[in-house]
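The structure under discussion appears below in the form of structure tokens.
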Amino acid sequence: MEAWWFSRIVAHHPYVILLTIFLFSCTCLIAPRTIQNFPDFSDPQLGFEARGTNLAQRLTAWQNLMEATKPRGELVDNPLEYYYYLEQLNQQTDSTSQRHGWTSQGILRKKPKSINRKKGKKYIVTKNETEEDSNNDNDKDKWEELLELKNKNRLNIVEDEKNHNNLDSENFFCNLPTSAYARVVIGTETKEKSLWTMEGVLAQCHIDAALRANPHFPSLCQIQEERNNISHKCCRSWSPANYVALLSNRSSCLGVTENDLIRVETLLRRCAYYYHNLELTINCAEDLNCQKRVPAECYLHNAVYHLLHYLLDVNFIPSHKQQSLNKSHSTLQSVMLFLPIAASSASLDFYKELNNNGLSYGKFKVRGMQLGLKILFSLGISYAVYTLVLRIKFFPFMNLLAIVVAVGIGADDAFIYCKVWECCKQQKLSNGGLARLVQETMKHAIPSMFVTSLTTAVAFFASIVSNVTAINCFSLFSGMTVITNFFLMITWLPACVVVSEHCRITTLSPASFITRKIIRPIRIFADKIALTFIIFLTKIVIGLRWFWLVSLGALAVAGCIVVFHYPGLQLPDTPDFQLFETSHPFEQYDLIYSRHFWFEKVEMIDGGEILPLRFVWGIKPVDNGDYLNPDKKGMLVWDESFDVSHEQSQLWLQQFCYNLRIQPFYRNTLGALLPNCFIESLRTWMRRHCEDPIDTHINYSPCCKRNSFPYKPNVLKQCAAEATAQLYRTPSYLWKRGGPVYAGLKFLKESIQTSLQPKNATGSLILPVPKIKALIIEYDSIYDYSLSYFHMNQFFHEVETWMQEQLKTAPTTMQGGWFISKLEFYELQRTLHEGTIWAMIVSLILALAVLALVTLNPLVSIYAIITIGAAIIVTVATLILLGWKLNVLESVAVSTAIGLAVDFSLHYAVSYRACNSEQRIDKVKAALDQMGGPTLMATLTSGVAGALMLPSDVLAYIQIGIFLLLVMGISWIYATLFLCPMLAVIGPSSHFAQFQYPRARKLLFCFRKKESEELAETNRDNGKMVKKGKGKGMLSESTLSTSSTVCQFHCSEPEILIARPPSSSLPPSPTSALLYLDSNQTTVWNNRRKQMNDLD
């Protein structure tokens, strides 16, 4: 089959191609939605975690270990209770009913994820005919004041509260405040104002009433349950003002007096000691152990705990340590208000109906809010390939940004094709008709589009070296988006242009009024502007070449200082991915006010501020899950060499615990630490007498002082299980210290089929010796949890270095241990920093490879890559000065910048290399003449695409818009004003360090011969075809593309008429269209350069 057969199909059957591509695209749009679930963006931060690094594998193995110790896991903390449970099942005929009746403390207990996850009891609001006889007149006056303030939006809640004159303190609130509810932060405009005043209480009541007056609130709120089931009201909001009313026996916050505020504040300061020392817990009113240590007034209705933990700023009543550092009395600057509606996407309509006028009162206003909203988008062909071909289940929120970037860079391919089409169209009828036109256009446009698409896709794919899941998925999806765009540009676009040409033949004739009066004058004017711009650009680039080299080179050096020295790449200081601009109330809550409340701080660091020291044996730190799916963490991998029952292991472990407690990073903790280092607790427990002092018939052998340390392996396994069982029979408040227990031995669950085999005459179960599969040693460190990378880096390396030194002396059975702590965010920071650097290096190397393959000149390629590197450094330095921090989006932007910046340098380098002149200045002038206008138009088109994103409220789109403006502008400046002067000063001559493809010359000769034969056959129709084809389908010069690297088609109308027609059968090599110049074209360019020299 002849070369370029596809062009004939496009020319003769464009509608078939359009229909085929349309059906294929629709199938790709519909198939993923029918075969698989649509992407869930309920958690936009999902996937923002490191996978595959040494520390990340430890974190994954730790998560798998915690999952394995849950009731359905394969490990158990208390094996004897588990065996008793199996024996109980064996003795009962109805296993299902007995499973519900039998309770096992060691097996069926569940560890709460966080102390604020516990649920309180459901309160039932009951009617009471007793009326409160105080402050009724005062309440009515304040309610009338609120009604006057809100006369435009009548507050339906007012009548309900006015009629609710009774007070049931036990049923004042429906439930306990938790992070599952929507919430807003009310703050002051000045530091002098305080929310713990009568004006502040009134502001809380006013804003709460305004929020509850939202028309969508009744359908979303949690309903109180009435005894007679007649009326249903929304539950009260949880606010400091309402809690003061509860503690002061008021029916509503509007009845609060100044004396009530003073009395409650005194109570809070008196009880704060118990809260900060973790003695006052969330359910102290129902916990007898808590009530023994805390005064009764501090746990009345659990109000004090809720106020300090959920509702009040942490600086209002700080701990004694913080109070000693800050002697001044702090005012209440912000409070939390929980609404009785779920924090989910269902609150979107509620948010849209919010009235900004109702969110402020005097000097107080809503500063931030957390409603749990999310974003959804539709995807196309790339999503089908991503999900169905590559079978990647996880589609992160970051992937949506690839669509926005593709819009900015995808339009360039359309420009390049249209420009080449316009240049070829002047010759089509004299050289073979429409099929020949399509062939010539595709022959010269497709290689250029291929090269630029390749460089952009390579830059995206280079980010796969990162170990962050979201970045890996983004790099794959965005790279496929660029490839898909190229596929559509070579199929859909040519067919569309052919159809458009068919439709314009009758309307755009030379006699057409539109052509003669509008299009032709516009084109002539655009050509004059383009020529003037090229002359001006050439003059300032060549004439001021030393100025540009020195100034832009110095700017690049300054950028290096900013990037690598000070202030440097700033790592993120919050684990939350910012979705909106900083001034948005959602981001104000996450970035600022969430740190002002204890419950948010506790959730952020998983239960406490102290960093634990956790050392794990028996589990290999291996992540065998799917790195592209954060939900697939893999399975546990057992360390078969682990054996803590070995005598040498016991001796070494005892010494390890001793050495650990004398280290400077160890925190001495008061109270019993029974499970922390089990070998020491076991030795103490084993010192008991072998015979029970009360019942002499009870013998504790072998778990008694008869056996000396180190113990025999079977003795240790059996006695460790018995000691663990006794530990779990101990009241938990004596050794759990208010949180989940991780430390201790982890035993393997025996299968039910094996364990239920009767082993004696009575048929009862003989308990097997439990198998120890894992060991965790845990203590507290002197380090507090921090979002600072340097603080956490010091902690990790200090402990890790000590741990590795200890393992050098460990026996073989204990050498597989590893250290872990709360290091998830630290590992993300470290991976982002290192991954970004590696992505930049890989992208630059791949860009250099593409340049070398296209130009075949190492010097030109090196100069171009220096220019690209300088443009990237200046771009990153500018982003740093704008306050960007190296989060996931910024990391992708830095590596993507290389793919966007390489195009301009590639165009100039290829044009310089293709010119046959021996003088550097002439070669640079030719490159500027051909590429100055197209690259500028590309900068403007991508810049406009970026500017259109700036009005968005989504921060990611704003950042992408800023990024496109900067990277396209800086790249064009450096490619035009730095690379071209560099080539003019030290550029190679035409044949210096220039390589060739040997076989390309032979192919070129063969195709030229064939071309001459085809031209001879068509010469007899030239006269007729020329008359028919003049004046059709002209396009403006301003539509020139960025990616047009085809020298011979960057020409004006006179040049087209005198230029030799390009070959009809040249293969689509990326270099073929770039390296061929004939004598006529060289003469044209020489004449233009002579004109420019005369102007100089």
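Placed from the backbone N, Cα and C atoms, the Cβ positions cover glycine too.
All annotation found in TrEMBL is predicted automatically rather than curated by experts.
Over in TrEMBL, the protein carries these features:
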TRANSMEM  12-32  transmembrane segment
TRANSMEM  371-389  transmembrane segment
DOMAIN    371-499  domain 'SSD'
TRANSMEM  395-418  transmembrane segment
TRANSMEM  445-465  transmembrane segment
TRANSMEM  477-500  transmembrane segment
TRANSMEM  546-566  transmembrane segment
TRANSMEM  837-856  transmembrane segment
TRANSMEM  862-884  transmembrane segment
TRANSMEM  891-911  transmembrane segment
TRANSMEM  931-950  transmembrane segment
TRANSMEM  962-986  transmembrane segment
Exercise for the section: Name the range, of those listed as 445-465, 477-500, 862-884, 891-911, that has the largest tally of Cβ pairs under 8 Å with the transmembrane segment (962-986). Expected result: 862-884
Handout entry: Proximity verdict for the transmembrane segment (862-884) and the transmembrane segment (546-566), three or more C-beta pairs under 8 Å
Key = yes
Fill in the blank from the handout: Taken over the domain 'SSD' (371-499), the predicted model's pLDDT averages 69
Exercise for the section: State the residues, same chain only, that lie 6 or more residues beyond the ends of the transmembrane segment (837-856) and have a CB under 8 A from a CB inside it; answer 'none' if no residue qualifies. Expected result: 451, 454-455, 458-459, 462-463, 465-466, 862, 864-865, 868-869, 872, 891, 894-895, 898-899, 902, 905-906, 909-910, 913, 994-997, 1070-1071, 1074
